[in-house]
């Protein structure tokens, strides 16, 4: 009985996408309604609760590959310049994003279908001009910024997996740092759950 219901949850999760949300709901509820062995251990309230949990998971966008050479979106850990996780301490502030490892000059990709919403100025210090670029983006219900990226364009639409631009030369400003794309939500909330 558990195996059967567990199978239905996994099947529902595979259908998880914005385009398939209605199909997911219908398939999931039909599976529970038609299977007496499931209903003997689960009632309809339980089925609806499980469906709600799966749909909530569907609602959460997940970032696809951001950088060539890093298909798993491996995050920057520690180096001489600090830590790359959200909330890490800096000299005069707290880190409000996460850092995704990316080599200088590497191609940066759209993590899902995105709209390009203009330039981001990262620094006011002219000594950091070589990496003082980035872009505002929106997609999948999210608003976020990518720092240290020279985009091919500051406006338009880019499909998932297509090139957005290239990583700027971080080593020229921060020698020895783990070069990375900094991902920051527009509201400065923690983006970790999207990776």
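Using N, Cα and C of the backbone, Cβ positions are placed for all residues, glycine too.
Annotated features in TrEMBL:
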| type | residues | note |
| --- | --- | --- |
| DISULFID | 67-102 | disulfide bond |
| BINDING | 95, 99, 182 | Zn(2+) binding site |
| DISULFID | 143-186 | disulfide bond |
**Request:** Between residue 143 (disulfide bond) and residue 95 (Zn(2+) binding site), find the distance joining the two CA atoms and give it rounded to the nearest Å.
**Result:** 18
**Item:** Inter-residue C-alpha distance, residue 182 (Zn(2+) binding site) and residue 67 (disulfide bond) (nearest angstrom)
**Value:** 11
**Prompt:** Taking the Cβ of residue 102 (disulfide bond) as the centre, how many other Cβ atoms fall within a 10 Å radius?
**Reply:** 29
**Prompt:** Quick one: Cα separation, residue 186 (disulfide bond) versus residue 99 (Zn(2+) binding site), in Å?
**Reply:** 15
**Asked** Cα of residue 67 (disulfide bond) to Cα of residue 99 (Zn(2+) binding site): how many Å, rounded?
**Response** 11
**Request:** Using the recorded Zn(2+) site (95, 99, 182) as reference, state which further residues of the same chain have their Cβ within 8 Å of the centre of those residues' Cβ atoms, listed in sequence order.
**Result:** 76, 84, 86, 88, 96, 97, 98, 147, 180, 183, 184
**Message:** Quick check on the binding-site residues 95, 182: which one has the highest count of other Cβ atoms within 10 Å of its Cβ?
**Reply:** 182
